[in-house]
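Some features that TrEMBL has for this protein:
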- 498-541: domain 'PAS' (DOMAIN)
- 628-762: domain 'GGDEF' (DOMAIN)
- 771-1021: domain 'EAL' (DOMAIN)
- 22-42: transmembrane segment (TRANSMEM)
- 63-85: transmembrane segment (TRANSMEM)
- 105-126: transmembrane segment (TRANSMEM)
- 133-154: transmembrane segment (TRANSMEM)
- 174-195: transmembrane segment (TRANSMEM)
- 216-233: transmembrane segment (TRANSMEM)
- 245-268: transmembrane segment (TRANSMEM)
- 280-313: transmembrane segment (TRANSMEM)
- 333-352: transmembrane segment (TRANSMEM)
- 364-389: transmembrane segment (TRANSMEM)
Amino acid sequence: MAFTPAIGWASASESVETKIDITWMMMAAALVMFMQAGFLLLEAGMVRSKNSVNVAQKNLLDFVFSVAAFAVVGFMVAFGASEFLMPGFDWNYLGLQHITAYEAAFFVFQVMFCGTAATIVSGAVAERMRLSAYIVGSIFLSALIYPLFVHWAWGNALQPNEGAFLANLGFIDFAGSTVVHSTGGWVALAACLVLGPRTGRFDARGNAVRFSGHSPVLATTGGLLLFIGWIGFNGGSTLKAGEDVAFIILNTVLAGGFGAAAGHLLGYYQDGYYLPEKSVNGLIGGLVAVTAGCAILTPIGAIAIGIVGGLVALVANHIIEQKWKVDDAVGAIGAHAFAGVAGTIGLALLAPAEQFSNGWLYQLYVQTFGSVLNFCFSFGLGYGFFWLLNRYSKIGVSNEQERIGLNISEHATRIGVGHVEVAMEKLLSGKRSFEHRLPEVAGDEAEKLTSLFNKLVSSLEDEHQKLSELELHKVKSEEAERIATLSDATFEGIIMHNGDIIMDSNLQMSELLGYEIDEMVGKPLVDLIAEESAEAIYSAIAEDKIDPYEAVVLSKKGDRIPVAIRARVTNYKGVQVRIACFVDLRERKAAENDIRIMAQQDALTGLANRSLFNEQLDVAVQNAKRNQGVALILVDLDRFKNVNDVHGHQAGDAVIKKTAQRLLKIAGAGAVVARLGGDEFAIIQRGIHFTNQAADTGHRIVAELSKPMLLDESVSVMIGASVGIALSPDHATDAETLFSRADIALYHSKNTGRNASNLFRDGLNALIEKRRALQADLEKALEQDELELYYQPRTNAQTLDIRSYEALLRWNHPERGIVSPVEFIPVAEACGLIIDIDTWVFREACKAATNQLKGAHISVNLSPLQFQQKDFVEKFETILRETGADPSQLELELTEGMLVEDDIRGLSIMKMLKTLGLSLALDDFGTGYSSLSYLSKYPFDTIKIDRSFVAALGHEDNAVAILKAIIGLGAGLGMKIVAEGVETVEEAVFLRLNGCDQLQGYLIGKPLPIDLVICDAPQDKVAAILALEAQKFTDVHVSALRSIVSKGEESDPDQKASLSQ
């Protein structure tokens, strides 16, 4: 069942064309015409007065242009015959050239609806859209958007029409909740989105700023006129004066009243105030919502739909403004678009079910479909139109035009006091001089305010003139005081003297010497100068010396005050005088004394610094020549950089201080303990008669500095130290050589694993030089591609297939050949090159994983120094991304020692590596000191059994038990077990039979360059393993059979005879 404004016309046109029905239609059209006046007053009252003329013009012009557009083409598009979805076309309707009296009355009523749809847009875009753009938009809406949707929903009003597919589906919109109001509302939303908000509508944090309309009274009056006009809007849609009109008007009045009440209450709940626009929008929302179903709703249904419409209007406007940041000047979008949808869909739920021939559920579907189609069509077409129009011809006014108001910028008309506001703004911003006055127009509503403004400007002009005169007088009076003020403001004491007689002084000189200024004036200058400085001062006066020099002056109390004096000659009141400035040097002299002390002391620890250390070392070595042996002990902290990197420089300073305290305690009272810089310390120990005395001190230092240092309640670090010792006169008889020998011993400690103490000995220098040469060659090796990765296969213990490799580093030295990793890896770790080498190894392994060894699992060893770097996880992530390697193919091997120093950081890094997709293996399992706890604490994927346990098979009694325990423990924790150093078939068979996952060792294959790696285990080795395993299987079963037979003989002799046969 379809409801349109022309129900029954096609079947009973004779009754419609009666005079009383036409009279009722014309009266209803006149009432709808009142709605135009209502919209004008409503929108004009809700905008600021500087834009009210523009809003009124838009309301007038949108109506007249919509009448023109609808008459020329819109009426034909809406009600002409058509096929499905196509616009209507009928030559009789084009320009209204051949219409009947009935059709003329129908047009008059429909053009009011079209004008209403266009007017809705006016309020939403108020205060910022150009009038010309708005007129073009109104024509487009009236000629195409509105008529085409009317054609779909009401196109069968005058004749059967296939194009009216919504009406044919049973879509109900009696007087246009969706067809008129939602259409206008969605086009308004599109226009607002293209336009953007008014200047200042939202603050810096995105909160909406309320712009109060200049006249809520006008706005409320407009709302009441709309209420009156809606009687014709809904009542006239019957198109005949029947008894249904009374119920339609009743429902309209009920919905409007309850909608206004709901808006009033919800507005107070939202804002805490009774804002006038909230009740007006609630009224309109209720009226819009009831418009779709006012002919079929019961009074209770009308009340409910009115309340829903009022609430939806306010809630929708709140969301549009606060959440979507859309600036709707009058709240038209919520009150018309959203309330129209609520009323259109809501009638399917609130109207009596017998009103729907296909049932309420079908009707709900049709109503929802029609509402969604209306949004997609009206908003989509409207947004596209305004976007294109704005692209080629800006639809909004400029910021300056918006600021001064559209009354003036578009209509050259002012209303109210806007021109006074503009003049006041220019005056305050300095853009208007005091000479300008506003014209006073007799009878103008702003006449009195204009007069007051002009009087204010005149008063300000007089005050400005007086201030200018006072300023001139002030400048002249202040000029006389300027010199005295400047001299008192300086930090220096100043004396003006003529010859030897003091003429004047400043406040600072008075405070420096303790004399009043009047006491100094007239005194001979020599009375203020110490005797030893008098000659220098008189010489400076005689020579007109201007360069600074130092002297001593005497205070009133007789105190001697060191000063720096600088003077120059000038003229004062026609007399040549000398101005002398005295700078107090007491603080500087005291600071210089402090500096002399501090120059020999480390600021952080209070220990002797390098300068004092050098002096003391020279003295100690000279005394050593007189049978007073001296030991020089150099100390370097081993992992100090890590403390700074991980815990920050404050933690580093705390470590330095605690180290100094421990060294002072060990060295004793007679020794000199110095900090040479950074984490380097030195001890000069006198009275050394035996080598063991110094060696014992070195070992005590290593032991003491290896103990944890508690920095605060939660942070404890372990650093360790390397110590080098040299003796005088045993190793050197001068300070420079002694330091060099101690440094050589220290270097040896660092390169033999750190955390050690070494005494200089003959030949040590040559060993260190050899290691230094190796280090230099190693630096070139990275640059000249002398490093190479060899890959040792790891076979699946059960299938004996090769699916994994361990990447092992080799150095092809151009002169020495293959250099053992045992020889060059410690050097690389000592000098820090291991970080770059580790990075190179990982990159090469990634390349292999994407090329020659694609699909295989590659294991890479990670050095402790690399693990300590802050950025190494990010560095490895970059390598994975650059090479395109699959991280699931790669495994990093870690040792327990990496995690001992800082287990919390270690666990965090391992989690980050796991996040990258890398696997983690615990290398050399069983050789450390806390292996079992590490298995449960850290996320390892693999356990690598150290080769020493495998090699012990067949040699040590407990080897079997240990290996079984390790394999069982790993399996229980869900970890993969890899055995290293598998070199015999017996070892392989044992590990296979006891559940080991992978085997690695020379039995399967030795490490080879990537071009020579084997992809399959040697068949002879596989055969040998399987043969031995079969032999063991046979031996076990034969032994078991013999045991059974033996037991049988003892229990049944006849069975034995049978078996023997």
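Keep in mind that glycine also has a Cβ here, set from the backbone N, Cα and C atoms.
TrEMBL entries are annotated by machine, without manual review.
Looking at the domain 'GGDEF' (628-762) alone, the prediction's average pLDDT is 85. Same-chain residues lying 6 or more positions outside the transmembrane segment (364-389) and placing a CB less than 8 Å from one of its CB atoms are 133, 136-137, 140-141, 144-145, 148-149, 152-153, 166, 169-173, 178-179, 182-183, 186-187, 189-191, 193-195, 337, 340-341, 344-345, 347-349, 395. As a quick check, the transmembrane segment (105-126) and the transmembrane segment (174-195) clear the bar of 3 or more Cβ pairs under 8 A, pairs 6 or more apart, so the two touch.
Highest Cβ pair count under 8 Å relative to the transmembrane segment (174-195), across stretches 22-42, 63-85, 133-154, 280-313: 280-313. Here the transmembrane segment (63-85) has Cβ contacts under 8 Å with residues 36, 93-96, 107, 110-111, 114-115, 117-119, 135, 138-139, 141-144, 146-148, 150-152, 154-155, 157-159, 161-163, 165 of the same chain, all six or more residues outside its ends. Note: the domain 'GGDEF' (628-762) comprises 59 helix, 36 strand, 40 coil (DSSP; helix = H, G, I, strand = E, B). Residues 484, 487-488, 490-492, 549, 551-557, 560-561, 563, 565, 567, 572, 575-578, 582, 584 of the same chain lie 6+ residues outside the domain 'PAS' (498-541) yet bring a C-beta within less than 8 angstroms of a C-beta in it.
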